[in-house]
Amino acid sequence: MPEIFRSLLSPIRIIFLPSVKIYWFYILSSILFTLLLIVWRSRKEKGFRSKDYLRENLSKKIWLHRSALLDYKYYLINTFLFALFFSYFVISGAVVSTYISGSLFKIFGETNHLSSPGTFFIIIYSILFWLANDFGRFFAHWLLHKTFLWEFHKLHHSAKVLNPLTVYRVHPVEAILVNSFGAICSGIITGFAVFLFPNGINMLSFLGVNAGIFVFNLYANLRHSHIGLRFPKWLSRIFLSPAQHQIHHSTDINLQNKNIGVSFAFWDILFGSLYIPEKGEAENTVFGLKEEEDSNFENLFRIYFLPFQKILSKAKTFVLLSKHQSNS
(Lines of atoms letter the chains of each structure in order from A; the text may use other names.)
(Lines give C-alpha, C1' and ligand atoms only; values in the text may rest on other atoms or scores of the structure.)
Protein backbone atom coordinates (compact mmCIF):
# COMPACT_ATOMS: atom_id res chain seq x y z
CA MET A 1 0.00 0.00 0.00
CA PRO A 2 1.42 3.44 -0.94
CA GLU A 3 2.68 5.39 2.08
CA ILE A 4 0.23 8.24 1.60
CA PHE A 5 -2.74 5.86 1.83
CA ARG A 6 -1.32 4.20 4.95
CA SER A 7 -0.94 7.66 6.45
CA LEU A 8 -4.51 8.59 5.53
CA LEU A 9 -5.69 5.52 7.46
CA SER A 10 -3.63 6.44 10.56
CA PRO A 11 -6.54 8.08 12.47
CA ILE A 12 -8.41 4.76 12.30
CA ARG A 13 -5.44 2.38 12.41
CA ILE A 14 -3.94 3.68 15.67
CA ILE A 15 -7.13 2.94 17.58
CA PHE A 16 -6.15 -0.72 17.18
CA LEU A 17 -2.50 -0.29 18.27
CA PRO A 18 -1.82 -1.20 21.95
CA SER A 19 1.22 1.11 21.97
CA VAL A 20 -1.05 4.15 21.50
CA LYS A 21 -3.00 5.79 24.36
CA ILE A 22 -6.32 5.83 22.49
CA TYR A 23 -6.20 2.09 21.79
CA TRP A 24 -9.82 0.89 22.04
CA PHE A 25 -9.14 -1.25 25.12
CA TYR A 26 -7.68 1.73 27.02
CA ILE A 27 -10.78 3.77 26.15
CA LEU A 28 -12.99 0.99 27.54
CA SER A 29 -10.88 0.67 30.70
CA SER A 30 -11.12 4.44 31.26
CA ILE A 31 -14.91 4.18 30.99
CA LEU A 32 -14.80 1.36 33.55
CA PHE A 33 -12.69 3.49 35.92
CA THR A 34 -15.24 6.28 35.51
CA LEU A 35 -18.14 3.98 36.38
CA LEU A 36 -16.28 2.62 39.42
CA LEU A 37 -15.55 6.18 40.56
CA ILE A 38 -19.25 7.06 40.23
CA VAL A 39 -20.27 4.00 42.28
CA TRP A 40 -17.68 4.82 44.96
CA ARG A 41 -18.70 8.49 45.19
CA SER A 42 -22.39 7.54 45.30
CA ARG A 43 -21.72 5.46 48.39
CA LYS A 44 -19.23 7.77 50.10
CA GLU A 45 -20.49 11.29 49.33
CA LYS A 46 -23.83 12.59 50.52
CA GLY A 47 -25.66 14.55 47.87
CA PHE A 48 -23.65 13.09 45.00
CA ARG A 49 -25.98 12.39 42.09
CA SER A 50 -24.57 9.90 39.61
CA LYS A 51 -27.08 10.83 36.89
CA ASP A 52 -26.19 14.51 37.14
CA TYR A 53 -22.48 13.67 37.09
CA LEU A 54 -22.87 11.52 33.98
CA ARG A 55 -25.10 14.08 32.29
CA GLU A 56 -22.54 16.81 32.96
CA ASN A 57 -19.60 14.78 31.63
CA LEU A 58 -21.49 13.59 28.56
CA SER A 59 -22.79 17.07 27.82
CA LYS A 60 -22.46 18.59 24.37
CA LYS A 61 -20.98 21.60 26.20
CA ILE A 62 -17.85 19.44 26.52
CA TRP A 63 -17.92 17.11 23.52
CA LEU A 64 -19.25 19.65 20.99
CA HIS A 65 -17.45 22.65 22.43
CA ARG A 66 -15.55 24.65 19.82
CA SER A 67 -12.30 23.62 21.52
CA ALA A 68 -13.26 19.93 21.34
CA LEU A 69 -14.12 20.22 17.66
CA LEU A 70 -10.64 21.62 17.11
CA ASP A 71 -9.20 18.62 18.96
CA TYR A 72 -10.95 16.28 16.53
CA LYS A 73 -9.62 18.27 13.58
CA TYR A 74 -6.06 18.26 14.96
CA TYR A 75 -6.32 14.52 15.59
CA LEU A 76 -7.18 13.81 11.96
CA ILE A 77 -4.59 16.19 10.53
CA ASN A 78 -1.73 15.53 12.94
CA THR A 79 -1.98 11.73 12.87
CA PHE A 80 -1.92 11.86 9.07
CA LEU A 81 0.98 14.34 8.80
CA PHE A 82 2.96 12.65 11.59
CA ALA A 83 2.72 9.25 9.92
CA LEU A 84 3.51 10.70 6.50
CA PHE A 85 6.32 13.08 7.39
CA PHE A 86 7.07 14.22 10.95
CA SER A 87 7.71 10.74 12.40
CA TYR A 88 10.95 10.55 10.39
CA PHE A 89 12.39 13.29 12.62
CA VAL A 90 11.83 11.29 15.82
CA ILE A 91 14.99 9.70 17.21
CA SER A 92 14.57 5.93 17.32
CA GLY A 93 15.07 4.06 20.58
CA ALA A 94 16.37 1.09 18.58
CA VAL A 95 19.07 3.26 16.99
CA VAL A 96 20.08 4.61 20.41
CA SER A 97 20.24 1.15 21.99
CA THR A 98 22.27 -0.23 19.06
CA TYR A 99 24.73 2.65 19.36
CA ILE A 100 25.06 2.25 23.15
CA SER A 101 25.48 -1.53 23.10
CA GLY A 102 27.89 -1.34 20.15
CA SER A 103 30.02 1.26 21.93
CA LEU A 104 30.09 -0.82 25.10
CA PHE A 105 31.10 -3.95 23.17
CA LYS A 106 33.97 -2.02 21.57
CA ILE A 107 35.19 -0.80 24.95
CA PHE A 108 34.65 -3.87 27.13
CA GLY A 109 34.26 -6.77 24.68
CA GLU A 110 31.73 -9.61 24.87
CA THR A 111 29.92 -10.46 28.12
CA ASN A 112 28.93 -14.08 27.58
CA HIS A 113 28.86 -14.73 31.33
CA LEU A 114 25.46 -13.00 31.46
CA SER A 115 23.98 -14.58 28.36
CA SER A 116 20.76 -15.82 29.98
CA PRO A 117 18.80 -13.30 32.07
CA GLY A 118 16.61 -14.63 34.84
CA THR A 119 13.27 -13.29 36.04
CA PHE A 120 14.95 -10.83 38.41
CA PHE A 121 16.90 -9.11 35.63
CA ILE A 122 13.86 -9.06 33.35
CA ILE A 123 11.84 -7.28 36.07
CA ILE A 124 14.67 -4.80 36.74
CA TYR A 125 15.08 -4.07 33.03
CA SER A 126 11.32 -3.55 32.60
CA ILE A 127 11.14 -1.11 35.52
CA LEU A 128 14.24 0.82 34.43
CA PHE A 129 12.89 1.06 30.87
CA TRP A 130 9.62 2.50 32.19
CA LEU A 131 11.40 4.94 34.50
CA ALA A 132 13.80 6.10 31.78
CA ASN A 133 11.08 6.57 29.18
CA ASP A 134 8.97 8.47 31.69
CA PHE A 135 11.85 10.75 32.70
CA GLY A 136 12.66 11.53 29.07
CA ARG A 137 9.07 12.58 28.45
CA PHE A 138 8.99 14.56 31.68
CA PHE A 139 12.18 16.44 30.82
CA ALA A 140 10.96 17.27 27.31
CA HIS A 141 7.69 18.56 28.80
CA TRP A 142 9.63 20.57 31.39
CA LEU A 143 11.66 22.21 28.60
CA LEU A 144 8.45 22.97 26.70
CA HIS A 145 7.35 25.15 29.60
CA LYS A 146 10.43 27.34 29.24
CA THR A 147 10.50 30.69 27.41
CA PHE A 148 11.24 29.72 23.81
CA LEU A 149 9.76 26.23 23.58
CA TRP A 150 6.57 27.39 25.33
CA GLU A 151 5.54 28.90 21.99
CA PHE A 152 5.19 25.34 20.64
CA HIS A 153 3.45 24.01 23.76
CA LYS A 154 0.82 26.77 23.94
CA LEU A 155 -1.33 24.92 21.43
CA HIS A 156 -1.83 22.02 23.83
CA HIS A 157 -2.67 24.31 26.74
CA SER A 158 -5.13 26.32 24.66
CA ALA A 159 -7.74 23.56 25.09
CA LYS A 160 -10.74 24.94 27.00
CA VAL A 161 -12.29 21.51 27.50
CA LEU A 162 -10.50 18.18 27.76
CA ASN A 163 -11.13 14.85 26.03
CA PRO A 164 -8.87 11.89 25.14
CA LEU A 165 -8.04 13.41 21.74
CA THR A 166 -6.64 16.55 23.41
CA VAL A 167 -3.40 14.57 23.72
CA TYR A 168 -3.04 15.04 19.93
CA ARG A 169 -3.54 18.79 20.18
CA VAL A 170 0.21 19.40 19.90
CA HIS A 171 2.62 21.16 17.58
CA PRO A 172 4.76 18.72 15.52
CA VAL A 173 7.91 20.08 17.20
CA GLU A 174 6.49 19.11 20.59
CA ALA A 175 5.57 15.61 19.39
CA ILE A 176 9.07 15.14 17.96
CA LEU A 177 10.77 16.36 21.16
CA VAL A 178 8.66 14.32 23.60
CA ASN A 179 8.90 11.09 21.61
CA SER A 180 12.63 11.55 20.95
CA PHE A 181 13.52 12.25 24.59
CA GLY A 182 11.54 9.21 25.72
CA ALA A 183 13.23 7.04 23.07
CA ILE A 184 16.72 8.31 23.91
CA CYS A 185 16.40 7.59 27.63
CA SER A 186 14.77 4.18 27.24
CA GLY A 187 17.17 3.36 24.39
CA ILE A 188 20.12 3.92 26.72
CA ILE A 189 18.67 1.40 29.19
CA THR A 190 18.05 -1.12 26.41
CA GLY A 191 21.60 -0.59 25.13
CA PHE A 192 23.05 -1.55 28.51
CA ALA A 193 20.66 -4.53 28.73
CA VAL A 194 21.77 -5.80 25.30
CA PHE A 195 25.41 -5.36 26.33
CA LEU A 196 24.89 -7.39 29.51
CA PHE A 197 22.76 -10.03 27.76
CA PRO A 198 23.98 -10.34 24.14
CA ASN A 199 21.70 -13.28 23.44
CA GLY A 200 18.66 -11.15 24.16
CA ILE A 201 16.52 -10.05 27.08
CA ASN A 202 12.76 -9.94 27.24
CA MET A 203 10.62 -7.33 28.92
CA LEU A 204 7.56 -7.80 31.09
CA SER A 205 4.84 -6.74 28.69
CA PHE A 206 1.19 -6.99 27.73
CA LEU A 207 0.26 -6.92 24.05
CA GLY A 208 3.85 -5.94 23.28
CA VAL A 209 3.75 -2.91 25.60
CA ASN A 210 5.94 -2.49 28.70
CA ALA A 211 3.85 -3.76 31.63
CA GLY A 212 4.14 -0.51 33.60
CA ILE A 213 3.20 1.66 30.63
CA PHE A 214 0.31 -0.70 29.84
CA VAL A 215 -1.12 -0.32 33.36
CA PHE A 216 -0.69 3.47 33.16
CA ASN A 217 -2.54 3.52 29.82
CA LEU A 218 -5.54 1.82 31.44
CA TYR A 219 -6.44 5.13 33.11
CA ALA A 220 -4.34 7.57 31.06
CA ASN A 221 -7.27 8.79 28.96
CA LEU A 222 -8.85 10.27 32.08
CA ARG A 223 -5.95 12.73 32.29
CA HIS A 224 -7.55 14.64 29.43
CA SER A 225 -11.12 14.53 30.67
CA HIS A 226 -13.39 16.21 33.22
CA ILE A 227 -13.37 13.11 35.44
CA GLY A 228 -11.42 14.26 38.51
CA LEU A 229 -10.01 10.89 39.56
CA ARG A 230 -7.73 11.53 42.55
CA PHE A 231 -5.29 9.15 44.22
CA PRO A 232 -4.63 9.09 47.98
CA LYS A 233 -2.01 11.70 48.91
CA TRP A 234 0.68 9.10 49.59
CA LEU A 235 0.08 7.51 46.17
CA SER A 236 0.02 10.94 44.48
CA ARG A 237 3.66 11.32 45.53
CA ILE A 238 4.52 8.19 43.53
CA PHE A 239 2.11 8.23 40.58
CA LEU A 240 0.39 11.27 39.09
CA SER A 241 -3.39 10.99 39.09
CA PRO A 242 -5.64 12.23 36.26
CA ALA A 243 -6.76 15.04 38.59
CA GLN A 244 -3.14 16.19 38.98
CA HIS A 245 -2.76 16.46 35.21
CA GLN A 246 -6.06 18.31 34.89
CA ILE A 247 -4.74 20.91 37.34
CA HIS A 248 -1.76 21.31 35.01
CA HIS A 249 -4.19 22.53 32.31
CA SER A 250 -5.44 25.40 34.50
CA THR A 251 -5.47 28.98 33.22
CA ASP A 252 -3.51 29.80 36.40
CA ILE A 253 0.10 30.21 35.23
CA ASN A 254 1.45 28.90 38.55
CA LEU A 255 -0.54 25.68 38.21
CA GLN A 256 0.45 25.28 34.55
CA ASN A 257 4.00 24.74 35.78
CA LYS A 258 2.96 22.00 38.21
CA ASN A 259 2.66 18.24 37.64
CA ILE A 260 4.84 18.15 34.52
CA GLY A 261 5.30 14.38 34.70
CA VAL A 262 3.54 11.55 32.90
CA SER A 263 3.34 8.41 35.07
CA PHE A 264 5.62 9.12 38.01
CA ALA A 265 5.55 11.96 40.53
CA PHE A 266 9.26 11.50 41.43
CA TRP A 267 10.45 13.92 38.78
CA ASP A 268 8.07 16.65 39.90
CA ILE A 269 9.25 16.20 43.47
CA LEU A 270 12.89 16.52 42.35
CA PHE A 271 12.12 19.62 40.25
CA GLY A 272 9.86 21.19 42.88
CA SER A 273 6.76 21.09 40.68
CA LEU A 274 4.53 18.52 42.41
CA TYR A 275 1.03 19.70 43.32
CA ILE A 276 -1.64 17.56 44.95
CA PRO A 277 -5.13 19.03 44.44
CA GLU A 278 -7.80 19.05 47.10
CA LYS A 279 -11.10 17.24 46.70
CA GLY A 280 -13.14 18.74 43.84
CA GLU A 281 -10.37 21.15 42.83
CA ALA A 282 -9.63 19.55 39.47
CA GLU A 283 -13.31 19.39 38.49
CA ASN A 284 -13.70 23.11 39.22
CA THR A 285 -10.57 24.11 37.31
CA VAL A 286 -10.91 26.48 34.36
CA PHE A 287 -8.85 25.12 31.47
CA GLY A 288 -6.97 27.05 28.81
CA LEU A 289 -4.69 30.06 28.52
CA LYS A 290 -4.88 33.58 29.86
CA GLU A 291 -6.48 35.99 27.39
CA GLU A 292 -3.19 37.67 26.55
CA GLU A 293 -1.74 34.32 25.41
CA ASP A 294 -4.85 32.90 23.79
CA SER A 295 -4.25 33.34 20.06
CA ASN A 296 -6.06 32.06 17.00
CA PHE A 297 -5.48 28.30 17.11
CA GLU A 298 -7.86 27.43 14.29
CA ASN A 299 -5.66 28.22 11.29
CA LEU A 300 -3.32 25.27 10.70
CA PHE A 301 -0.73 27.29 8.79
CA ARG A 302 -0.67 29.87 11.59
CA ILE A 303 -0.41 27.16 14.25
CA TYR A 304 2.58 25.50 12.59
CA PHE A 305 4.58 28.61 11.70
CA LEU A 306 3.65 31.32 14.24
CA PRO A 307 5.76 29.75 17.04
CA PHE A 308 8.89 30.04 14.89
CA GLN A 309 8.10 33.70 14.21
CA LYS A 310 7.56 34.42 17.92
CA ILE A 311 10.73 32.59 18.94
CA LEU A 312 12.73 34.59 16.39
CA SER A 313 11.23 37.80 17.77
CA LYS A 314 12.11 36.78 21.34
CA ALA A 315 15.65 35.86 20.26
CA LYS A 316 16.11 39.26 18.62
CA THR A 317 14.86 41.01 21.76
CA PHE A 318 17.21 38.93 23.90
CA VAL A 319 20.21 39.80 21.70
CA LEU A 320 19.34 43.51 21.73
CA LEU A 321 18.97 43.54 25.52
CA SER A 322 22.27 41.68 25.92
CA LYS A 323 24.05 44.23 23.69
CA HIS A 324 22.45 47.11 25.59
CA GLN A 325 23.55 45.68 28.95
CA SER A 326 27.11 45.06 27.72
CA ASN A 327 27.37 48.65 26.40
CA SER A 328 25.99 50.28 29.55
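Cβ from N, Cα, C; glycine included.
As annotated by TrEMBL, domain 'Fatty acid hydroxylase' applies to 127-273. TrEMBL lists 22-40, 75-100, 120-144, 176-197, 203-222 with the feature transmembrane segment.
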Beyond the flanks of the transmembrane segment (22-40) by at least 6 residues, Cβ under 8 Å: 14-16, 50, 53-54, 57, 164-165, 167, 217-222, 225, 227, 229
For the domain 'Fatty acid hydroxylase' (127-273), the mean pLDDT of the predicted model: 96
